[in-house]
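Asker: Got a structure here, written out as structure tokens. Questions coming.
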């Protein structure tokens with residue numbers, strides 16, 4: 001009996017150890033991040049509370065709504081498993097989402113994209129309503145590095161470039177033209193830029209690189225940077241956009257529609273709930289965005305009847321309008337997808353619809 005008791009104790013002792021190890025491994029797995037992001041439908045949010053135009057009218061019988069995609073880093077394998085199993089959910093590799101950018105750089109880029117989108121929307125919306133607006137160009141924002149660039153490690157995403165070899169510039173075109181006309185691959189140049197509000201200078205090498213255009217690859221020289229204009233706008237009316245923690249440029253079209261609607265006598269919603277997405281340029285051109293299938297679901301959840309989607313102008317690259325219409329068909333929704341290439345096309349469409357009874 002004594003021997004059996006010892007064997008039994010040994011068995012339960014080993015069992016307890018195994019159980020403790022398994023429990024510890026499960027606990028540890030909660031804290032092991034994965035290199036993936038999870039995307040799913042976010043929200044459709046009314047714009048009138050977010051946008052305030054001085055002297056404008058916020059009263060709308062219906063609503064104009066921006067749409068979002070909810071994204072979260074899969075911080076452990078359980079989040080990742082949820083991403084593969086949950087409906088209307090997409091899993092993307094971290095490198096697909098932000099390339100080689102750090103968390104700080106990616107956050108800085110999203111903030112810039114939203115700020116730039118708001119500036120563009122204010123200019124486009126005010127211009128459509130025949131209001132005066134001035135655009136001031138204040139340098140060149142570093143968005144990303146091209147393959148072959150030797151500036152990586154010296155410059156950072158979010159740096160704002162102001163001069164090369166003492167030659168001042170305010171726009172991307174001015175910087176590019178200066179390098180193309182005055183420099184060659186292998187030349188060293190002194191770049192003056194600001195980072196976090198502090199001015200800096202660094203020496204960088206000019207490189208040759210290939211840019212893919214619609215007509216094919218083109219060889220160019222430069223610093224190997226993807227750049228955008230850094231702008232400031234001056235308006236006769238104050239326009240405030242409070243988008244809270246919404247990042248990225250895809251609400252541009254809907255911001256500009258809300259600004260326009262607050263400035264005209266009539267209400268272009270006519271009692272309808274209108275959602276949409278798309279970048280906007282200062283000239284009012286609507287551009288492609290990501291995650292439009294998720295945005296269709298979000299818009300439907302908030303009762304949207306009309307959804308503005310960027311028109312597919314380039315059959316080789318553009319898919320937004322097709323994907324939006326396909327998602328509506330697949331989910332058997334009643335929402336109408338309206339492709340638009342410009343802000344004016346969206347305005348003209350709304351002018352032509354019947355008021356909701």
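Going from the start of the chain as shown, residues are counted 1 onward.
Every residue gets a Cβ built from N, Cα and C, even glycine.
Okay, so TrEMBL annotates it like this:
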type     : residues : note
ACT_SITE : 250      : active site
ACT_SITE : 295      : active site
DOMAIN   : 110-197  : domain 'PDZ'
DOMAIN   : 242-353  : domain 'Lon proteolytic'
TRANSMEM : 20-39    : transmembrane segment
Asker: Mind checking how the domain 'Lon proteolytic' (242-353) divides into helix, strand and coil residues in DSSP?
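Answerer: Looking at the domain 'Lon proteolytic' (242-353) with DSSP, the answer is 43 helix, 20 strand, 49 coil.
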Asker: Tell me which residues of the chain lie with their Cβ under 8 angstroms from that of residue 295 (active site), as long as they are six or more apart in sequence?
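Answerer: Once residues fewer than 6 apart are set aside, residue 295 (active site) is near 41, 42, 44, 67, 68, 69, 275, 277, 307, 324.
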Asker: Could you please provide the mean pLDDT value for the domain 'PDZ' (110-197)?
Answerer: 94
Asker: Counting across all protein chains shown, how many other Cβ atoms sit within 10 Å of the Cβ of residue 250 (active site)?
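Answerer: There are 28 such Cβ atoms around residue 250 (active site).
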